[in-house]
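What follows is one structure encoded as structure tokens, with my remarks underneath.
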Amino acid sequence: MSLLELEDLRVSYPGRGFRARHVEVLHGVSLDVDHGETVGLVGESGSGKTTIGRAVLGLVRPSGGSIRFASQEISGLHGRARRGLASHIQVVFQDPYTSLNPSMTIGDILAEPLVVHGATSRDARSRVRSLLDQVGLPNDAIDRLPREFSGGQRQRVAIARALAPGPQLIVCDEPVSALDLSTQARVLDLFVDIQRETGVSYLFVSHDLGVVRHISHRVAVLYRGDLVETGDAATVTSTPEHPYTQRLLLAAPVADPARQREKREERKRLLAAHA
Amino acid sequence: MSTSDDPTTQTVRTHSTEHVITAGADASQRTPTWKKVIRDPQAAITIGLLAAIFLIGALTPLIAPHGPNDADLSMVNAPVGTSGYLLGGDESGRDIFSRLLHSINTAAISALIGTTVALIVGVTGGLVGGYFNRATQSITEWTFALLMTLPGVLLLIILMPVTGGDYRATMFVFGFLLAPGIYRIVRNLVLGVKNELYVDAARVSGLGNVRILGRHVLSIVRGPIIIAAAFMAGSAIAVQSGLAFLGVGSTEIPSFGAMISSGFRNLYVAPAQFLWPSLLLGVITASLVLLGNALRDTLEGSKPKAKKVGAGQRVVADVERDGPTDPDALLVIRDLGIAYPGVDGAPNEVVRGVNLSLAPGDVLGLVGESGSGKTQTAFSTLGVLPSEAVITGGSIRFDGRELLGLDDTSMAALRGSAIAYIPQEPMSNLDPSFRVGSQLVEGLRAATSMPRKDAKARVIALLDRCGIVDPQRTFDAYPHEISGGMAQRVLIAGAVASRPKLLIADEPTTALDVTVQAEILDLLRDLQHELGMAVLLVTHNFGVVADICDRIAVMKEGEIVENGAAEEIFGAPRHEYTRMLLGSILDEDAVRTDPPAAVKGVAS
Amino acid sequence: MTLYILRRLAAGVMLALVILLIVFLLISSSFDDTARTMLGQGATPESTAALVEARGWDRPVIVQYVEWIWHAVQGDLGQSAFTSLPVRSAVVDRLAVTLSLIVPALLITAILSVLLGVWAASHGGVIDRFAQGISLVGHIFPALLLAIGLVVLFGVELGWLPATGYVRFGDDTLGWLRSITIPVIVLVIPGVANMSAQVRGRMIDELNRDYVRTLRTRGISSRSIVYKHALRNAGSPALTVMSLEFIQMFGAALIIENVFALPGFGSYAFNASLQGDIPVILGISVFGVALVTVVHLVTDILNGWLNPKARVH
């Protein structure tokens with residue numbers, strides 16, 4: 001039994017203006033995430049990949065289909081019942097600059113989810129220390145404000161916040177796209193290490209095939225609200241079957257002039273063949 | 001895993017070279033707000049002055065020699081300094097000094113009622129209207145629009161039969177009229193905060209709406225509310241005085257307005273009478289405005305400053321105008337330094353000793369991570385560094401001509417015609433108020449002084465060349481009507497319109513999807529071949545560099561650490577930093593191989 | 001566009017109807033007081049009740065409201081309860097006086113503010129500090145104090161301009177100009193203080209935007225960037241400020257008319273309100289609401305012209 005199961009998930013947003021038509025952004029997506037597994041969700045802007053993550057988190061309401069977490073239907077939950085899921089499903093967002101409240105100290109940011117779930121402030125504080133340790137941040141970070149940290153460090157704080165309640169699933173929404181290349185690799189390694197330590201599952205949303213390939217066990221490719229291809233990471237990201245995935249793979253430039261030249265020619269052949 | 005000594009919680013230590021920014025530079029930002037306010041002289045003085053005035057007002061019953069309405073016919077228009085009548089008597093023989101003291105209280109109560117009502121109504125409305133769903137939003141929006149539809153003073157006058165002219169009731173109503181201002185501020189802030197990811201994160205953490213509003217939203221709204229309260233107190237007092245001057249309300253209530261009115265009637269008899277209440281009213285309202293300004297400066301930080309448009313770049317160093325020239329190079333940058341004023345005012349060099357050279361028709365990739373100074377180097381070549389930036393030394397020679405020290409008019413002549421620019425964010429780099437075509441035509445005509453008709457034909461041909469399917473339609477479109485990829489094609493068309501010798505592209509594909517990126521890179525490559533222009537491509541993406549660049553310069557913390565042919569650097573990087581960057585690339589070989597983690601210590 | 005204007009007008013009429021209903025409901029509590037005031041010294045409970053009944057004020061408020069609207073639509077706003085003069089012509093006369101202050105004041109404010117704000121934002125340095133100084137000074141004092149100060153200075157001490165009184169435009173144009181000069185200055189000073197600061201702030205924001213840099217890299221002149229591109233983008237928020245400024249000025253005018261003894265809307269409203277002259281109060285309300293609605297409508301239309309995103313197709 002998988003930890004997270006999406007079945008025929010549909011989401012539509014209200015159109016602009018009064019009584020405008022609803023625009024469907026997800027046209028029935030089915031996907032599952034197992035215990036301790038990372039499922040990468042790749043797609044370009046407008047593909048609906050972020051919407052899937054937000055639907056799982058309860059930040060957007062699906063218009064159809066089901067979301068089951070640990071065999072329990074969660075798509076219709078709200079209020080107290082939904083808030084109860086907070087200790088099981090967590091999130092790390094893309095932008096390390098806006099995902100932390102600028103006026104709260106790191107200690108308060110990390111303690112907030114713990115205190116909400118009934119921890120005493122002393123327990124919360126000691127837990128915060130161990131969390132900081134876990135993500136490789138110094139202990140004195142606890143009394144500092146987010147603006148005193150670099151992008152990579154803030155993302156570590158965001159990861160610590162997600163880990164705080166000991167979740168089984170973390171939705172990662174482009175968590176390394178805003179980071180520099182060298183920081184990106186280290187933060188990804190941290191994600192992998194934490195998964196090995198704790199057995200947490202990741203639903204890892206990204207536009208970058210390289211990133212997804214690096215962290216995922218399985219990969220799902222989204223195109224304009226439809227899932228076009230799913231499979232194990234190595235296959236989907238190196239020998240994909242669907243033409244869109246092929247195009248995506250060939251469009252990502254590789255850091256080697258000679259290989260990139262070949263790749264470019266191959267891409268042009270593919271485009272000519274499909275034209 | 002609920003406590004730190006849980007055996008499954010082992011620390012994960014990753015090798016981290018990221019350094020914690022030293023706390024020293026940021027210490028000032030962590031001083032409590034009230035301390036910052038008190039330290040500001042303007043705030044301190046106005047707070048002190050207002051506190052003194054209102055304290056005296058509170059002590060009125062103890063210190064005023066007469067009641068506010070005690071009239072003594074022998075004291076009618078008594079001069080200043082009459083015994084027991086410090087400031088003299090008014091037209092009815094009442095003590096001006098005592099009335100002045102009592103008027104302070106009327107003003108204080110007016111400010112208190114007006115501001116409190118406005119804050120309660122406005123903040124509640126703003127929180128509800130900004131945070132909850134669209135239906136609630138439209139209802140609050142409509143209600144506050146209703147409040148703004150009648151000119152406030154007129155409504156207060158009309159409602160006299162209802163309020164009975166009592167200034168407290170009037171100020172209560174005025175509070176509602178002030179509320180839309182607060183509502184707007186709060187609603188806009190809440191709408192902004194609501195979409196912040198940290199609010200989403202709080203929701204995911206299981207916080208309810210009330211807690212999110214109280215913890216995350218109210219803390220952002222607090223500062224602007226305090227500022228607005230100071231201004232509102234000032235306008236409540238001013239309006240109350242104005243109405244009392246008109247005669248709204250009981251003549252029994254001593255107030256600045258009533259006193260000014262009485263003094264004004266007596267202007268020719270006793271000119272000093274209207275002076276005292278005017279003076280005190282002026283001091284109070286001025287203090288509140290100045291306090292509001294001071295609070296705004298300390299709580300909201302410094303606003304962007306005005307600067308002269310077209311002042312050109314600031315160069316402090318002596319520029320070597322007749323240095324050796326490299327006849328083969330189109331662009332030679334030597335020993336370039338750029339600095340910004342730091343926190344303590346000392347210059348902070350973001351570019352140091354940069355050397356670059358670019359031959360005609362060459363494509364050079366300037367690569368580095370964020371903050372490495374690559375964009376600053378590109379801007380200085382275009383002559384569009386922000387006005388705070390200072391060029392501390394070096395030389396930028398284009399086509400044999402020194403660019404540093406040229407005034408903006410000479411630079412403007414070069415820009416667009418010989419040096420062109422493609423920005424990173426396609427959407428924000430088009431003027432939203434003008435049609436796409438007219439912006440391009442204006443640029444082309446500034447560079448070539450071509451007749452409008454020819455310019456239009458050329459722009460449409462270029463849009464077509466840049467892969468836009470229906471060029472005439474895009475020409476007539478406004479920026480918000482086209483997609484990001486399309487906008488980037490438009491900007492490329494604008495850049496190459498006057499056939500420049502050098503194209504500076506600053507992360508031209510970073511904001512685009514990877515499939516669109518490939519198309520844009522193809523377009524750039526083709527245009528570069530066609531026009532034979534040199535390209536300086538600023539990017540952080542080694543894939544993009546490998547795709548299009550002949551040569552590479554790697555920047556780190558303001559310096560160029562390595563420079564050479566693309567094949568060489570990708571094949572055998574010499575500098576450690578380059579090796580580290582290339583090593584960080586998640587290449588096709590970096591597939592995850594370990595199986596899904598075994599589940600341990602599942603949360604209970 | 002016509003459809004849009006019609007829709008906006010309809011919304012304005014709806015708003016006016018709601019506001020008038022609110023005024024009706026609030027005023028209805030004082031019908032008895034008005035009747036007593038009309039009867040003067042000799043008012044008895046019986047005679048008051050008789051008058052209330054004769055006027056129809058004892059009927060349900062909604063009925064009176066609908067009836068009043070019915071007449072108002074036909075252009076009949078009734079007569080003053082005290083003078084029996086028709087309300088409409090009196091309100092129009094008084095409004096003309098007030099508007100003859102506000103319209104010139106608003107035009108002058110707009111021109112000076114744009115000049116000063118744009119100038120300060122695009123030159124910086126001394127000019128900017130001068131503009132900020134002006135806006136601070138203009139903010140500090142309430143209009144009432146400015147009015148009194150200027151009357152005392154120019155009217156009484158120097159005697160350059162009439163301290164009080166109003167000359168009709170049709171009677172003596174120069175006299176009219178002289179009579180409105182000080183009041184207009186009093187309205188312009190805080191207006192410029194507020195609006196020039198807004199224009200300056202918006203212009204600085206615009207000049208820091210990305211598209212300005214890109215326009216510069218195409219060799220476009222500073223003049224075109226400031227006066228064509230940045231000003232047009234700063235224009236639509238400035239227009240909104242201007243419409244609010246109009247309402248602000250209207251309120252200030254009601255008070256300072258009294259200083260200058262001008263027979264405007266303010267004193268008329270004040271007297272009607274003091275007496276509880278209900279037909280006049282209603283007439284004043286309907287004109288006040290209509291004025292604001294029209295100003296908002298004009299602002300929106302101009303906004304659509306300036307800002308393509310706000311344009312309604």
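One is the number of the first residue shown, and numbering goes on along the chain from there.
Just so you know, glycine gets a Cβ as well, placed from its N, Cα and C.
The shown structure was predicted, so the numbers you read here are calculated from the model rather than taken from an experiment.
The annotation domain 'ABC transmembrane type-1' is assigned in TrEMBL to C:95-299. Annotation comment: TrEMBL describes C:9-31, C:95-121, C:133-156, C:176-193, C:238-260, C:280-302 as transmembrane segment.
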At an 8 Å Cβ cut-off, counting only pairs 6 or more apart in sequence, do the transmembrane segment (C:9-31) and the transmembrane segment (C:280-302) clear the bar of 3 or more pairs?
yes
Sequence-remote partners of the transmembrane segment (C:95-121) [C-beta within less than 8 Å, at least six residues beyond its ends]:
127-128, 130-132, 134, 166, 169, 176, 180, 183-184, 187-188, 191-192, 195-204, 207, 226-227, 231, 238, 242, 245-246, 249-250, 253-254, 257, 262-266, 287, 291
Maximum Cβ pairs under 8 Å to the transmembrane segment (C:133-156) - stretch from the list C:176-193, C:238-260, C:280-302:
C:176-193
Please give the sequence-distant neighbours of the transmembrane segment (C:176-193): residues at least 6 beyond its ends with Cβ less than 8 Å from one of its Cβ atoms.
100-102, 104-106, 108-109, 112-113, 116, 134-139, 143, 146-147, 150-151, 154-155, 161-163, 165-169, 245, 248-249, 252-253, 256-257, 260, 262
